[in-house]
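What follows is a set of notes on a single structure, which appears directly below.
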Amino acid sequence: SFKCLVEEVTATSRHYVDRLFDPDPQNVLQGVIDMKNAVIGNNRQKANLIVLGAVPRLLYLLQQSSSSLELRTECAVVLGSLAMGTENNIKSLVDCHIIPALLQGLLCSDLIFIEACLRCLRTVFISPVTPVQLLYTDPTVIPHLMSLLSRSQHTQEYITQIFAHCCKTPEHQTVLFNHGAIQNIAPLLISPSFKVRMQALKCFSVLAYENAQVSMTLVNVLVDGEQLSQVFVRMMQRDKPIEMQLTAAKCLTYMCRAGAIRTDDNCIVLKTLPCLVRMCSKERLLEERVEGAETLAYLMEPDIELQRIASVTDHLVSMLADYFKYPKTSVLDHDLKHAHELRQAAFKLYASLGSNDEDIRKKITETENMMDRIVSGLSESSIKVRLAAVRCLHSLSRSVQQLRTSFHDHAVWKPLMKLLQNAPDEVLVMASSTLCNLLLEFSPSKEPILESGVIELLCSLTQSDSPALRVNGIWALMNMAFQADQKVKVEIVRALGTEQLFRLLSDPDTNVLMKTLGLLRNLLSTRPHIDQVMSSHGKQIMQAVTLILEGEHSIEVKEQTLCILANIADGNTAKELIMTNDDMLQKIKYYMGHSNVKLQLAATFCISNLIWNEEDGSQERQDKLRDMGFVDILHKLTQASDPNLCDRAKTAMQQYLA
């Protein structure tokens with residue numbers, strides 16, 4: 001009987017499609033109306049009609065100027081109903097070029113027809129399978145939609161919903177902004193229709209996100225004589241629907257992050273922040289708790305004061321612990337998805353809360369099982385949860401106290417190293433930043449990490465295309481080389497290879513260059529190490545130093561380079577590499593007379609190390625440098641206005657007098 005039923009459905013579906021081709025317009029209209037009634041809420045019927053080719057015919061009838069307005073409107077309604085089905089239906093409709101046909105339909109003057117076209121467009125555009133770019137292909141579309149806003153509450157609701165959904169990039173924000181989105185949509189915030197108010201609010205949240213131009217404009221907009229920020233504040237009141245409170249809080253958050261509202265403004269401290277904290281409470285729906293936590297994390301990310309206020313509002317830190325209690329094991333996919341989203345949001349918020357303040361970090365790590373949760377978060381199946389957990393870990397790893405205690409107790413470095421094996425770049429950047437902190441000299445994790453073969457891994461990061469990963473790789477090696485024993489230093493140089501070291505010294509990214517110089521400076525510290533490194537790589541290192549001192553580099557880079565030179569000058573045998581290099585001595589002389597005090601200091605330090613009395617051959621070195629005019633320069637510098645420079649020059653002069 002089932003097979004019969006299927007054939008019957010297909011037969012009736014075919015009958016509906018056949019009637020669209022009837023020569024009598026009245027029959028066609030009746031056929032479309034019957035079709036409309038047959039497809040409502042019936043996904044199989046919708047799919048059948050699409051497969052049987054109803055869409056091209058409906059679109060043809062919709063666009064024919066000879067079709068009656070009533071027929072054209074009914075066609076738009078049926079297409080809208082087909083679009084309400086599955087994502088596959090939408091794909092088929094988009095492939096049949098429904099969007100240009102409906103946009104064309106908006107040029108008609110009849111309001112009922114326009115509304116039917118807009119309703120269908122809205123349904124098509126809010127589907128994730130529709131490319132939003134299709135709204136921007138024809139430059140006349142956006143201005144025309146703006147002009148239709150004033151026609152009715154329906155046009156306002158549908159158009160603002162389309163805008164809110166199709167504004168995904170800074171370019172989209174600019175197009176909408178340039179066509180007067182703000183002036184046109186602002187009055188809709190006090191529309192009598194809740195749906196219109198809500199969609200207008202959503203529009204502003206997507207327009208303002210990370211957009212200074214929009215945010216700065218919004219601050220000065222008045223709606224019915226009231227400032228827009230005050231309208232948003234009213235929309236966050238507890239008696240308003242949660243969706244409205246949340247979206248208004250987002251608008252103010254984005255305006256604040258874009259620099260249009262100060263972080264200490266009352267509308268942020270007394271209204272937005274408490275509203276977002278409320279969204280994290282147990283009473284809220286899962287989606288609301290996720291959105292509330294993520295928005296709050298974003299709001300206070302750069303601001304230590306907001307972090308402190310949030311940490312003492314409504315027991316936020318322990319409230320977030322509940323985010324981990326959602327069923328871990330569930331048969332249902334969407335339960336798992338919710339559990340992931342909650343954990344991700346909680347980690348993000350903890351990361352933001354703890355990014356600056358030592359007391360808050362302590363509070364977080366002392367929350368029940370927090371460190372265990374972060375550690376297990378590092379190996380979760382969801383990449384987003386892993387990323388959020390490692391962000392949280394990174395935030396906590398900025399604390400000397402935590403590195404010495406909870407990080408050590410929970411052997412955090414193990415899952416972190418595992419995470420570094422083959423993660424996407426985003427995760428690698430965060431994980432390697434955290435590793436940099438775990439490799440600081442006072443971190444008890446430094447030893448076990450060293451033994452786990454981390455050097456090779458970091459060296460491979462320095463070859464990445466991503467500047468952030470190159471920086472982290474070299475930064476971690478720099479931390480590792482600080483006051484390290486000879487064995488570790490030799491291993492770093494061997495694993496990195498001199499070629500790669502010198503490639504990094506000409507890296508286009510200044511941060512990479514600075515950290516590489518830092519590594520070199522750490523490798524060249526304590527005399528035996530300096531002499532050993534210079535005896536095997538002296539020629540290349542001197543070449544690199546020359547290149548940097550001659551190149552177009554910042555004061556910081558040149559200062560760091562001169563400090564390396566001063567370290568070399570401190571070696572027993574290494575100092576000869578400078579003394580026998582007249583070109584280098586002239587450079588030091590030049591920097592002793594430089595207009596920047598930092599460079600003068602570093603250069604003077606080099607000379608000081610070269611002429612130091614207690615060392616073999618100091619007399620010959622002093623004589624050579626006197627002949628080159630260094631004593632005269634030192635004498636001049638003893639009169640310098642900078643007290644440090646003056647002292648250093650005097651100390652050097654005493655070596656000549658001793």
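From the backbone N, Cα and C atoms, a Cβ is placed for every residue, glycine too.
The repeat 'ARM' annotation in TrEMBL covers 53-89 (among others). Residues 16-17, 20-21, 25, 28-29, 32-33, 35-36, 39-40, 43, 46-47, 96-98, 101-102, 104-105, 108, 110, 112-113, 116-117, 119-120, 123-124, 127-129 of the same chain lie 6+ residues outside the repeat 'ARM' (53-89) yet bring a C-beta within less than 8 angstroms of a C-beta in it.
Annotation source TrEMBL lists repeat 'ARM' at 496-538 (among others). Remote same-chain partners of the repeat 'ARM' (496-538), defined as residues 6 or more beyond its termini with a Cβ less than 8 Å from a stretch Cβ, comprise 459, 462-463, 467, 470-471, 474-475, 477-478, 481-484, 486, 489-490, 544, 547-548, 553-554, 556-557, 560-561, 563-564, 567-568, 570-574, 577.
Across the repeat 'ARM' (53-89), the model assigns an average pLDDT of 93. DSSP assignment over the repeat 'ARM' (496-538) gives 34 helix, 0 strand, 9 coil. According to DSSP, the repeat 'ARM' (53-89) comprises 28 helix, 0 strand, 9 coil.
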